[in-house]
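Listed features, source Swiss-Prot:
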type	residues	note
ACT_SITE	372	active site, proton acceptor
BINDING	452, 453, 454, 455, 456, 457, 458, 459, 460, 461, 462, 463, 464	CoA binding site
BINDING	486, 488, 499	(R)-carnitine binding site
MOD_RES	69	N6-succinyllysine
MOD_RES	79	N6-acetyllysine
MOD_RES	85	N6-succinyllysine
MOD_RES	239	N6-acetyllysine
MOD_RES	239	N6-succinyllysine
MOD_RES	305	N6-acetyllysine
MOD_RES	418	N6-acetyllysine
MOD_RES	418	N6-succinyllysine
MOD_RES	424	N6-succinyllysine
MOD_RES	439	N6-succinyllysine
MOD_RES	510	N6-acetyllysine
MOD_RES	510	N6-succinyllysine
MOD_RES	544	N6-acetyllysine
MOD_RES	544	N6-succinyllysine
TRANSIT	1-25	transit peptide
């Protein structure tokens, strides 16, 4: 019913619809305070969103076994099949019934929301590389606007405009339009805003529009993940009005909203940022930011020491800041340098626990680096797109703008931290660990220029399926096997939906990959095209199922979480090595494309894996791959390129070169 909801759509055009908004605004509602003035309130659809379905247990088991088939030999598969049968007719059935009953008692949320927060917040590994991803902005099309001060000012103002637009209910609701000509119109919006919010979703559904969950948006601003022993906490203070700025590992704060909730004038923000950029303070000997890259239990203990050493107020300022702006003192050399800098940097100039860091380098290269427990990038991508659009189309200042004559020495406060010997030792240890880990990470990227979405759609193939098939072929060529593969899919079409997994490795991709890699000369171009079409069709089915909450991963995860919560001995299905193997995602993949995104990326989720960020554009395909020493990212990309060349040859009726 709904295609994959990866929120690829560029947010609607200037949404200053006719008619003033029909709700009270904050005192600061003058010109330039908002990105848009939606006539449909931002949260209009939230109450009536459908609930995330719990799949039938037999469907989950069937899908699980289908995903296991290409990964196991016949003997292993028969064992796993038996474990599944026992589970489905025994303890699994009981757990499923309990999960359904529990879900009925909690209609305000989804069955996955609580367990998913638990999973993220209980993880003790560093958030850096293990969880936090990044998305890099395209440069401003007007090159002179890429000056660091100009871009930092414009992006900060646009970010605060987004905050105000969201909080005053004037941000267009996030809606996936299957037929925009019918639903993405002022006429429809004028009608739907009068439908009570308890029914509004149904009104949108009638015109093939699918409103998406926006419950994660409130954590975008003024929020931080706080380290605590055994399970972290999310902290939000939406009363705070200050911005946190990091430069050379030094911390600065100044207000970006005044007491009435107005945005401080752009020329004042420019003046304060100019003051920070020209501050000659040296980098601190013990950069505090390293601590946010530590193991969470170690960081929790050190944070307690920080608090008891007289730093409570300074930490509160860091945690409650609207967001963290990181100003880097060097230009970006190339795309690989961009990825390394935005994914981890040198550890001194990021607060990795903040809901997001907006990073701007000396040459204006910019990115959002975000903490993953509070949300899945749904809110981040919308924010990202709107900030790019606003800051490039309606910039608050020009490169010629003069900063205000504000007294930044008074307004900008530099935070100083009192460090005991124990804290200094902790920072030094964190730095050593950080530096050693980062040395092990390799990143490389590919731009395949022969074609993209337009050509593949003419061939009646899913562009995403072809990209995923290329990864399967590449891994088979490089390592001779088919491995567990993960593709993230948003379930934001449902209330408090998070993500579901698409499992791109299938019996179809395995057969097709083996034909292309091992014996291309034995097949005609027509036969290879036929196999690609089968892969595309099956991938499309998996994608649709995942977007509708009909995968198997989250359901099995929730049943396991429930068993643990009830103190039940772990069922044998979960002790089966095949279950461990399918959740050891050697290929972890994620896609997004938007006119604002230059590239995105993340680290592998296992030590012998690849982290694959990719995008299929109109006429080219981009791929950004990370690996640790156990795998070779550059060679993998050479194999991806070979796979794409071979598939394009087959589609053009040419024979495959071995």
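Glycine too: its Cβ is placed from the backbone N, Cα and C atoms.
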Chain-internal residues, separated by at least six, CB under 8 A from residue 239 (N6-acetyllysine): 222, 320
By Cα-Cα distance, the member of recorded positions 85, 424, 499, 510, 544 nearest residue 462 (CoA binding site): 544
Additional residues around CoA, ordered along the sequence, whose Cβ is within 8 Å of the centroid of 452, 453, 454, 455, 456, 457, 458, 459, 460, 461, 462, 463, 464: 466, 616
Reduced DSSP assignment, residue 439 (N6-succinyllysine): helix
Residue among the recorded positions 372, 454, 456, 544 whose Cβ has the most other Cβ atoms within 10 Å: 456
Distance [Cα-Cα, Å, rounded] between residue 454 (CoA binding site) and residue 544 (N6-acetyllysine): 21
DSSP state at residue 79 (N6-acetyllysine), helix/strand/coil: helix
Shell of the (R)-carnitine site beyond 486, 488, 499, same chain only (C-beta within 8 angstroms of their C-beta centre): 487, 489, 500, 501, 502, 588, 590
Among 79, 439 [modified residues], residue with fewest other Cβ within 10 Å: 439
Integer Å distance between the CA atoms belonging to residue 418 (N6-acetyllysine) and residue 510 (N6-acetyllysine): 58
Using Cα positions only, nearest of the recorded positions to residue 499 ((R)-carnitine binding site) (372, 418, 424): 372
Residue 372 (active site, proton acceptor) and residue 305 (N6-acetyllysine), Cα-Cα, nearest whole angstrom: 26
Residue among modified residues 85, 305, 418, 510 with least C-beta crowding, 10 angstrom cut-off: 418
DSSP-derived structure type at residue 85 (N6-succinyllysine), helix or strand or else coil: helix
C-alpha spacing of residue 69 (N6-succinyllysine) relative to residue 458 (CoA binding site), in angstrom: 31
Max pairwise CA distance, angstrom, over record-listed CoA binders 452, 453, 454, 455, 456, 457, 458, 459, 460, 461, 462, 463, 464: 14
Per DSSP, three-state class assigned to residue 452 (CoA binding site): coil
